[in-house]
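J.: Quick one: this structure, given as structure tokens, is what I'll be asking you about.
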Amino acid sequence: MKLFGSSGIRGIVNKEVTPELALQVGLVLGSRKKTAVIGRDPRVSAPMIEHALVAGLTAAGCDVTKVGMVTTPTLAYAAREYECGVMVTASHNPSEYVGIKLWNPDGMAFDSAQQEEIEDAIENENFLRVTWDLIGKVAENGNAIRDHMDLIEGLVRDSKLRVVLDCGCGAGSTITPYLLQELGCQVITLNSQPDGHFPARNPEPNDQNLSLLKKAVVAFEADFGIAHDGDADRMMAVDEKGNFVSGDELLAIFGRFECGDEKGTVVVPVDTSMMVDDYLEGSEIIRTRVGDVYVAEGIKQYGAIYGGEPSGSWIFPKISYCPDGIYAAAKLVEIVREKKLSELRAELPVYATKRGAFPCANEKKAELMEKVKTKLEPLGKVLDIDGIRVELENGWVLVRPSGTEAKVRITAEAREKVDEIYEMAEKIVKEALK
């Protein structure tokens with residue numbers, strides 16, 4: 001039984017992720033943990049899944065503390081006082097999706113071994129149902145957001161920048177506007193009222209979805225703009241000229257400021273630009289599978305200073321192994337206080353990148369990748385820890401099945417003629433899909 005993808009359990013509500021499944025996850029988790037903290041993002045289905053999880057946890061004898069609607073990094077930080085954390089979220093996915101993500105007390109998402117243990121236990125119904133006098137207690141804690149803010153404010157310097165913030169009607173609305181104000185910023189908010197229908201824009205904070213933010217940054221003459229996804233584990237940015245800052249650019253900028261003159265180790269996924277390697281020359285760059293849990297595992301394994309994903313997940317191990325879009329927003333304020341974001345971008349090497357995605361049923365992904373590997377292997381050095389990445393003379397290409405959606409993704413990067421590399425991979429994928 002395979003339930004976990006690259007970002008926990010996730011799927012369409014009442015089809016792939018149901019109250020029955022949530023109940024089973026709760027029973028298995030509650031059979032192995034004595035205490036748990038649970039939170040949720042604003043999506044419409046989140047309370048239903050949360051109730052089912054709480055029922056399962058308490059039925060197995062686990063005491064549960066509910067922190068309400070919070071961001072994923074807030075929940076992961078709250079988990080430090082419990083044996084585990086449970087977050088109901090589908091992150092950047094649309095309204096019809098819901099998911100469950102599990103956290104260890106150090107802010108690390110459940111690793112592969114822990115995920116497999118839960119999958120096996122559900123399949124074999126290996127869980128407890130305690131007697132009435134041992135049922136777990138349910139409590140509420142309203143301090144999780146304040147605690148997270150206090151942590152960040154103790155690490156980041158104040159600034160008087162003007163910032164436009166687009167929370168995308170997600171959970172970031174509960175914390176980021178207030179945090180930046182307390183750090184001295186003048187904050188202009190967009191879509192900062194939680195709404196699980198995500199009426200303003202798609203929750204994913206990519207270039208295509210942030211047209212309003214880009215216009216607002218210019219109109220209000222702001223120093224830069226910030227955007228979150230549905231649960232604010234992600235953070236993306238727009239410079240003062242209204243230009244979207246790519247994930248690879250932010251990854252490199254954060255890496256430079258975290259490493260400083262000491263260099264160090266930085267962990268990134270296989271789909272990361274070679275720009276990061278060149279800009280962080282002298283630092284060791286470790287590549288992992290795509291997914292924040294794998295990046296976090298790499299950070300822990302190699303004792304890295306920092307790690308992140310171009311999708312907008314930034315992990316700062318000095319505070320947590322959870323991607324923290326809230327801390328990243330505050331950290332970027334501190335960085336831009338010293339130099340404009342457009343000037344920082346101008347320092348970066350520029351390579352052409354092209355990305356695309358094609359529908360592919362989950363059950364057909366393995367067969368597809370075998371066909372793709374056969375075609376790509378003769379072309380160059382292969383890294384196959386997650387999909388197939390081939391190093392070419394002029395760049396590289398990665399073909400990788402999505403861990404959260406029924407898609408296969410292509411990423412190509414080159415010093416020149418990126419279209420040729422992309423189209424070559426596209427042709428191979430399309431033929432394999434027939």
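The backbone N, Cα and C atoms fix where each Cβ goes, glycine too.
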J.: Quick check on the annotation: Swiss-Prot has Asp229, Asp231, Asp233 binding Mg(2+), so which of Ser91, Ser95, Ser112, Ser342 does it put in that site too?
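T.: Looking at Ser91, Ser95, Ser112, Ser342, the one Swiss-Prot places in the Mg(2+) site next to Asp229, Asp231, Asp233 is Ser91.
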J.: Rounded to the nearest angstrom, how far is the Cα of Ser91 (active site, phosphoserine intermediate) from the Cα of Asp231 (Mg(2+) binding site)?
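T.: Cα of Asp231 (Mg(2+) binding site) to Cα of Ser91 (active site, phosphoserine intermediate) measures 5 Å after rounding.
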J.: If the Mg(2+) site is taken as the center of the Cβ atoms of Ser91, Asp229, Asp231, Asp233, which further residues of that chain fall within 8 Å of it by their Cβ?
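T.: Checked against the 8 Å cutoff, the neighbours are Asp41, Thr71, Thr72, Thr89, His92, Gly170, Ala171, Pro203, His228, Gly230, Ala232, Arg234, Gly325.
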J.: Please report the Cα separation of Ser91 (active site, phosphoserine intermediate) and Asp229 (Mg(2+) binding site) in Å, rounded to an integer.
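T.: The separation of the Cα atoms works out to 6 Å.
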J.: Give me the count of other Cβ atoms within 10 A of the Cβ belonging to Ser91 (active site, phosphoserine intermediate).
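T.: Other Cβ atoms within 10 Å of Ser91 (active site, phosphoserine intermediate): 29.
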